[in-house]
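J.: Before we start, here is the structure in question, set down as structure tokens.
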Amino acid sequence: MVSNPSSSTEVWINSKTSIKFPFEPYECQRIFMKNVIDVLDMKLDAALESPTGTGKTLSLLCSTLAWVQKLKESKPMDFATWQSSGAGGAEKTEDKLKNSFIPTIFYASRTHSQLEQVVHELNRTEYKWVKTTILGSREHFCINQKVKKIKESNRQAHVCRGLVSKRSCHYYNKFDALTTDKANEILEKGEAMDIEDFVKIGTQNSICPYFMSRQRSETAELILLPYNYIIDPKMRRRYKLDLKNSIVIFDEAHNLESICESNASAELSSTSIALCIEELKKVLALLVEEEENAREEADNETEAFGTQKIDLTKKLIENLRTEDLMALLEKVFTLEENFDKLFESDQLKSVPPLDGKASDGAILLETLANSGCDGNSVERFVDVLRDAISYLLSKNEEVSLTEKGDGMESVADFLLSIYSTHAQEVAAAVGDEHIKLADRVDPATVARNCKLYIRKDSGKLVIKYFCFQASISMRMLKMRGVRNVLLASGTLSPIQAFTYNMGLNFGAILENEHALKQVPVLTSIVTRGKHGGLVGSFQNRKNIEYVSDVGESLIRVMETTPQGVLVFFSSYSQMDELVEVWKKTKRGASDSPETFWEKMEKTKKIAVEPRAKEQLAAVRLRYTQGVSEPHGAALLAVCRGKVSEGIDFCDAESRAVIIVGIPYPPIHDERVVLKKMYLDDLMGRKDLTNEPQSSRDWYQMEAFRAVNQAIGRVLRHKNDFGTVVLIDTRYASAKPEMFPKWLRNTISRCDSNNCALKTARFFKERGHLIENSKSEYIKKQAKTCKSFRQVKSQSASNPKDDITDITLEDMFSPANMKIEKKEKIEPRPIKYDSSSSSVFSLPTNEDELKVKKWEQENDSQTNVSSSSDLNKRKYKAETPGNSSGQHVVSGSEPPKKRKMVLLTRETLPEKYQNALNIPTSELTKGMSLDNQKQFVATLKGYKATNMEWQEVFQRLHQIFIPDRPDLFISCSNILRSEDKMKYIRRSLGMKINY
């Protein structure tokens with residue numbers, strides 16, 4: 001729905017707070033925003049599940065910004081004082097003032113492309129003037145070619161710091177010379193900016209966009225950033241994020257639990273330790289050599305001993321001294337030796353079926369402390385490593401290409417991760433509240449929530465430290481002074497387990513309904529095929545009867561589903577194995593002429609998700625092109641893969657979502673085995689006040705979270721519709737709360753045959769919607785192809801670029817999907833005729849109703865036998881009342897202009913003309929009471945709530961067809977003039993006659 005911020009609707013949530021929303025919100029949006037306002041008032045946290053397509057992002061932005069605006073108005077003097085402090089003001093402001101000014105909003109999402117969409121949504125609202133910035137790495141922002149040509153992000157950072165310290169970056173120097181007022185003048189556009197906007201402004205003004213965005217974050221009211229910038233202690237430290245008195249929003253938070261655990265985990269190899277030792281030796285040798293050269297220089301320049309002394313440290317990087325390097329080198333040597341001893345000791349136990357050994361996390365802390373690195377010394381340890389890396393890179397012309405500081409970087413990151421997770425204040429936060437504080441501050445308390453795992457590969461050790469408590473990361477945020485944490489997603493279910501594991505103080509847990517009371521989704525659990533029950537176990541992948549039944553089920557659904565079908569498998573290996581069997585196995589009798597795979601390819605254009613990310617754009621393009629073809633397309637993909645998240649499949653692209661099997665995590669994966677071991681250990685502990693989650697429940701929850709995320713592809717907005725097919729009998733025994741609340745009432749069980757019948761009936765009832773979506777999808781594809789051509793033409797300047805290098809984020813990002821602004825055509829004012837019961841007056845006979853241009857039907861085949869074939873085109877002309885059209889083969893030269901047929905009252909079929917003359921007062925005569933109620937509700941909805949004409953068409957179709965098609969056609973008189981022509985054209989297309 002396109003909205004104009006100037007025409008926003010004021011929504012009162014309670015007696016104190018109103019929200020300016022771009023349009024009249026649906027009930028589910030009101031409920032969502034009320035929950036946000038309530039927890040902000042109470043200074044509590046929230047877990048908010050709302051189905052995809054219900055305006056979750058818009059509701060989050062409008063409600064939080066409205067609440068902050070109200071607070072700002074109540075403290076105008078404090079806010080004005082803070083804002084006038086200028087760049088760096090957040091650091092200079094006294095704590096007392098800091099506590100009194102408005103909270104900063106941190107809006108986090110998984111990827112930068114998702115954040116681009118947040119910017120797009122924000123600019124639809126009246127809150128677009130709020131001072132906003134977006135944070136990202138140099139990889140996204142930097143415009144200095146010396147840095148851009150470097151691929152590794154860590155090296156980019158070190159090279160950038162070196163250029164900045166030497167004043168060798170023109171873009172940074174110009175940024176550094178900017179006054180605060182000038183910077184604000186450059187960046188103030190009257191609306192929020194995404195990364196592309198920052199880079200464009202930076203390039204135009206030769207000013208570093210990376211540092212501009214970071215500086216703006218010091219005084220911004222809304223900061224957009226990826227998850228890990230908030231969760232990862234190293235990133236918080238790097239970007240100097242001040243979380244005190246802030247509101248932190250995690251959008252798309254369904255994966256947040258695993259992300260929190262991952263960011264509190266760490267990995268290091270003995271190879272990295274050995275490389276770190278070699279790099280430290282190299283730095284030490286270079287440093288000693290430089291000191292010797294400095295002494296010789298001093299001896300040559302000074303006649304009297306001691307009369308002129310050179311401060312050697314000023315010739316080197318600040319604080320980098322040979323004695324520090326030698327002490328550090330000794331500690332790393334000891335660490336390498338202690339890890340070898342630990343692996344051979346009985347402190348680690350074997351963990352079948354894994355090859356390595358494991359123990360509680362406390363063993364790692366003990367090993368690090370015995371190596372001279374504990375919580376008190378780690379800061380200095382890491383600082384020396386960082387200085388050594390910068391020094392090594394500053395000598396890059398003198399060192400080999402392999403000596404880039406990667407080993408030192410790995411050791412530094414490992415230590416920071418461990419001790420950021422195990423700082424004493426964190427231990428105090430995550431300890432049980434019923435235990436005395438003195439007993440909670442020991443970092444070993446935190447280590448009980450972690451597992452150390454070491455394995456040996458080809459004689460080299462791999463040390464992994466797994467954190468299995470997401471609450472550690474969340475409570476670390478609260479310890480930093482975060483005021484509220486809001487977790488939102490379309491799929492948080494099963495939500496009770498999710499909220500338990502996050503460990504926050506939830507004031508609201510919402511499982512929201514869909515915007516539509518009757519969700520236009522058909523969900524079928526297929527329990528049986530021709531040969532029996534469908535159980536997608538690992539063993540059944542080799543069972544030819546099971547694989548055949550799954551293949552037959554897919555074919556039947558593909559045959560009865562129009563447009564696009566998404567098929568999700570549990571894993572790449574499952575998908576590959578089943579496809580391989582389908583390609584070899586004949587369908588039906590042994591003498592059947594075609595295999596399962598051949599039949600699928602005849603039914604739909606098939607695309608398969610690749611393992612390599614760089615190949616995904618081409619596969620995505622093949623699928624979208626296939627969807628617009630007569631038989632449609634099917635995309636085979638995997639749960640938790642690149643397709644199941646992060647890509648928006650709208651309307652025609654996801655008429656059916658099929659899930660084959662249940663996507664349980666790999667049972668022999670190291671993290672899975674150790675997580676289950678950790679949960680089993682918790683079940684045996686008697687010192688816990690709350691009953692922990694069992695390993696069985698966690699394992700099932702992980703699977704269904706992936707299922708629900710894939711299911712979310714089927715509905716993307718209020719006018720969307722589709723089917724969900726779950727091919728596995730085990731879904732039938734799942735508890736209802738494992739599925740999203742909005743889906744539960746749509747689920748039924750059936751066998752393969754009945755599933756196909758129900759699917760066919762479902763889409764037959766929505767035939768007119770499907771026809772309309774075809775033309776809409778073609779328009780969308782035209783814009784997408786134009787965007788794709790623009791991206792391709794931009795890359796053509798570099799002969800090394802290839803189409804496979806263009807990512808999905810390039811092709812389908814909000815930036816590339818922007819539509820050129822067209823001249824706005826004001827609709828004719830609507831006149832109300834008091835003599836009639838019509839809501840809108842009938843347009844005059846001179847109002848011409850334009851029929852769509854029929855585009856050239858281009859042959860999609862790429863192999864053309866001769867050039868003359870290229871000139872043979874077919875054109876379709878349509879006359880009023882005959883929607884089938886006639887094919888006319890042209891000569892060798894196509895027409896220069898496309899023909900346009902205009903539809904007027906005079907050119908309509910006679911019966912249509914008669915129907916349009918029926919007074920609107922006749923529409924409800926003889927109508928049943930129920931139909932009258934539905935009719936009135938439809939008119940009110942159309943007039944008051946921006947109901948789409950397609951929905952009006954569908955509702956009126958149910959009332960008047962097949963009994964009174966003349967009244968159905970006459971109903972077009974109650975529509976706005978711009979919708980009336982579409983209504984009549986749809987009626988002609990469906991051959992509604994009498």
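Heads up, the Cβ atoms here are built off N, Cα and C, so glycines get one too.
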J.: If I go by Swiss-Prot, the feature motif 'DEAH box' sits on one of 251-254, 779-782, 807-810. Which?
T.: 251-254
J.: These are the binding-site residues: CYS142, CYS160, CYS169, CYS208. Which one scores highest on other Cβ atoms within 10 Å?
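T.: Result for the most crowded candidate: CYS208.
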J.: For a three-state summary based on DSSP, what are the helix, strand and coil counts in the motif 'DEAH box' (251-254)?
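T.: Helix/strand/coil tally for the motif 'DEAH box' (251-254): 2 helix, 0 strand, 2 coil.
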J.: Would you kindly give the Cα-Cα distance separating THR57 (ATP binding site) and CYS160 ([4Fe-4S] cluster binding site), rounded to the nearest Å?
T.: 35
J.: Taking just the CA atoms, what is the gap between GLY55 (ATP binding site) and CYS142 ([4Fe-4S] cluster binding site) in Å?
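T.: Rounded to a whole number, the Cα-Cα distance is 33 Å.
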J.: Which chain-mates of SER50 (ATP binding site) that are at least 6 residues away have a CB under 8 A from its CB, listed by sequence?
T.: CYS28, PHE32, LYS56, SER59, ALA488, GLY490, LEU510, ASN512
J.: Around the C-beta of THR57 (ATP binding site), how many further C-beta atoms are within 10 angstroms, looking at every protein chain?
T.: 20
J.: Once the chains shown are all counted, how many other Cβ atoms turn up within 10 Å of the Cβ of PRO51 (ATP binding site)?
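T.: Summing over all protein chains shown, PRO51 (ATP binding site) has 26 other Cβ atoms within 10 Å.
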J.: If you count Cβ atoms within 10 Å of the Cβ of THR54 (ATP binding site), leaving out that atom itself, what do you get?
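T.: 25, counting other Cβ atoms within 10 Å of THR54 (ATP binding site).
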J.: Using a 10 Å radius around each Cβ and counting other Cβ atoms from all shown chains, which of the binding-site residues GLY53, GLY55 yields the largest count?
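T.: Counting Cβ neighbours within 10 Å, the top one is GLY55.
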J.: Counting across all protein chains present, how many other Cβ atoms fall within 10 Å of the Cβ of LYS56 (ATP binding site)?
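T.: Excluding its own Cβ, the number within 10 Å is 23.
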